[in-house]
């Protein structure tokens, strides 16, 4: 049986946000929204799984209406689980690691960043979330132009890659995973708390015949890698919403 022949409740389509439903840190276009909600949603169960918190998902996907449009929303790699617009579960990194370890990590990162020489620095260098910490060497309060500039700088100088290497050495005694996502930051979370975490919730409550995942950061070290390479998913590497639309049109025969 082809994917297109499956009933809506037999297939789940899971999507990353940046580079998949939107361009990086941009808002979804009206054209893509129209295609997605009018043609894809009637054909398949739909969900989003992102590293960002729910508020950032609201910003990029045109507000709180996604609570009604998506069957599943998994912010913070699925450490927060939302079904039918209601939160049904949440995990907490402080309870898992302990306050002393979290404090030690944050203190080290702040010292490290204070001595790091990058072209610009702005504000919000560490963002604390339920299931992870997000570290941004230039600060998340940068403009879009500054974000793009750092992304190019990082390709050449590998700022994030080098910092992760140093953190792995310093915190070898702590069960932490480091994952580069987006243009300017990286996520830090306990082992196994990557995007595959959402599959635990899905498998515990549902029996889909196929689970498809769409994402862009699918290389080792990228924040889509674990779920992209998981045998439970049929995965599709994309780089833009146009790629996503093209593949959806093909597999659902729209």
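Sequential numbering from 1, following the chain as shown.
A Cβ is built for glycine as well, from the same backbone N, Cα and C atoms used for every other residue.
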Exercise for the section: Among 194, 216, 230, indicate the single residue that Swiss-Prot lists for the Mg(2+) 1 site containing 16, 18. Expected result: 216
Handout entry: Same-chain residues at least 6 apart in sequence whose Cβ lies under 8 Å from residue 25 (alpha-D-mannose 1-phosphate binding site)
Key = 18, 60, 144, 147, 182, 183
Handout entry: Spatial neighbour of residue 233 (Mg(2+) 2 binding site) that is closest, considering only the binding-site residues 129, 140, 185, 187 and their CA atoms
Key = 187
Problem - Largest CA-to-CA spread of alpha-D-mannose 1-phosphate binders 25, 129, 140, 147, 185, 187, angstrom - result: 21
